[in-house]
Structures are given as C-alpha cells and as structure tokens.
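**Student:** I have a structure here, written as structure tokens, and I will follow up with some questions on it.
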Amino acid sequence: MKKKSLLPLGLAIGLASLAASPLIQASTYTQTKYPIVLAHGMLGFDNILGVDYWFGIPSALRRDGAQVYVTEVSQLDTSEVRGEQLLQQVEEIVALSGQPKVNLIGHSHGGPTIRYVAAVRPDLMPSATSVGAPHKGSDTADFLRQIPPGSAGEAVLSGLVNSLGALISFLSSGSAGTQNSLGSLESLNSEGAARFNAKYPQGIPTSACGEGAYKVNGVSYYSWSGSSPLTNFLDPSDAFLGASSLTFKNGTANDGLVGTCSSHLGMVIRDNYRMNHLDEVNQVFGLTSLFETSPVSVYRQHANRLKNASL
C-alpha cells in the first residue's frame, strides 16, 4: 500500500516540476552576459521624486536576470561632451560590476551619446542600441535652428531651456550642473549630425533609409523607433508631440521629434512601432498605445536578443 501511495505523489511532483520549468527559464530571460547600461536623452534624468525616466524598464529587466545600471549625464550639451561624461560612468560601472564590458542602450540624444563611447572605447562594449535617436538630425531641431544665431530670440529661448535643464538636474541629482542648450541644438540638427557622423560613422546607414553595418570593431549595433506622435488621448505629452510632428516635411514618418529613417543604426529591429518619442521609454507613466506591444516588452525582448547573441 505504501508503494502504491508513492505513485500519485511521484506523478504530482513530476507534473509540478514540468509546470515550474517555464518559470525557471523565465527567470533568466533577460540575463545578458554583460550588464545593461541605460543612457537618457535631452532633458532626461535617472530618477525624479521616485519616477524613473525609463519608466518600469530597469525593474522589468532585472526581474528576469539582467544586471542594469542607469546613468545620468548633462541634460543639455553636445554629443561629445555627453559622451565623455557617459564614458567616465561606464568605466566606473565596469570596475564596480567586475565585468569587462557593458551593453549600452541610449534613447533620443542618448543614441549619439552611446555612439561616441562605442567609437572611442569599443573595447568596453559588445553592443550599442539606440531607441528613437536622431542619427541624421531632427526636423524639429532644424526648425528651431531657423532662429537667427546671436539674436535676442535665441538668447531668450536658450535661457529658458537651460533653466529647465538645470531644474531637472537639480531635482534628479541635487546639482544644477552645466547646461548648454545651444550645444544640444547644434548636435541634433541635420548639419551638426552630419559633422558628427563624419567623425563617428560606425553603424550609420550609407543610404537614406537603410541599415548600417551590424558590427564594427567588435561592437554590434541595433536600433528601433516609433512612428506615431499621437497614441493615447490620456497622455498629456501627446499634444506637444503632435504639434512638434508638424515640423517634419513632406509627410516624413516620425515619433514627434525624430524621423524614422533618421533613427536607423546598424540592425533595424523595427521603425514603425505605434509609439511616440516618450512612449519609447514607457512615458508618460506608462500611458502608451493600447494597440501596440508594451515598450517594456520591447526592452525585454531585446535583452533576450543580446543574451542569445552572447552579449
């Protein structure tokens, strides 16, 4: 009788093990070989009053095994200055984590920022991923650049934007930092982007809207972006992004601030997510399109892609 009674128990244990096995696999779904480092865009931050710039993304990646670090650089400055600041933090993360390399992911102006690091220190990173980044410039930046340089209008606007950057920096890090909105504008317009690309061409497509080299100097390049400025009527940022999308010429597909073709770098995962520029980092507060995959899921899938590539 005792032997018979063990059979159902054994079956139960076996079934429980089978049921549990997907959970065990899921726990390492985002466990990349090297840590993931996130780099914010213009007027970005790491955390303000408990709210992450990368809303819900770091915790979702960590939950299934990823080692994630969130960086903060100048809210407003040139790609090179921001890149040098990020490089210093990457070197610190490498020392802290004990890993020789990190996977960099940059949103918006964070895209050119991580490209700078990849170009000058490719030994520190196996991959560079850009999300909604204006690698060939932004029509919105070109529109703003029409304000005459040195004019009173430029001085007033740059002063206001610098003040906003200083406030964001203070709320996030306790210091106003150095803000250079004109430096950001020069980096993000078409002419400035072309100059940057001439110095750091790695991963940039040679055609108007194609893909770039998938791998350069040991660094794998990836990108994705959205193409829908208006996605959720409850999201207060949609009104601003809907207005800014009007600066794009000839019906150019865009996310409200960046054209889809300009966002291409290396392997293009996708450039037509139903997301706007802030949806790409799951903002504002996760109010994204109900008819598109969650931005958090996109980051999780990419972490798994990096894992499967042994990165």
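In case you wondered, yes, glycine gets a Cβ from its N, Cα and C as well.
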**Student:** Looking at Ca(2+) binding as recorded in Swiss-Prot, which candidate out of ASP123, ASP139, ASP142, ASP235 goes with ASP279, GLN283, LEU287?
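**Tutor:** Candidate in the recorded Ca(2+) site: ASP235.
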**Student:** Please identify, among the recorded positions ASP235, CYS261, HIS277, ASP279, GLN283, the one with the smallest Cα-Cα distance to HIS109 (substrate binding site).
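**Tutor:** Nearest listed residue in space: HIS277.
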**Student:** Let me know how many other Cβ atoms fall within 10 Å of the Cβ of LEU287 (Ca(2+) binding site).
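**Tutor:** Result for LEU287 (Ca(2+) binding site): 19 other Cβ atoms within 10 Å.
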**Student:** Which of these recorded positions is closest to LEU287 (Ca(2+) binding site) if you go by CA atoms: MET42, CYS209, CYS261?
**Tutor:** MET42
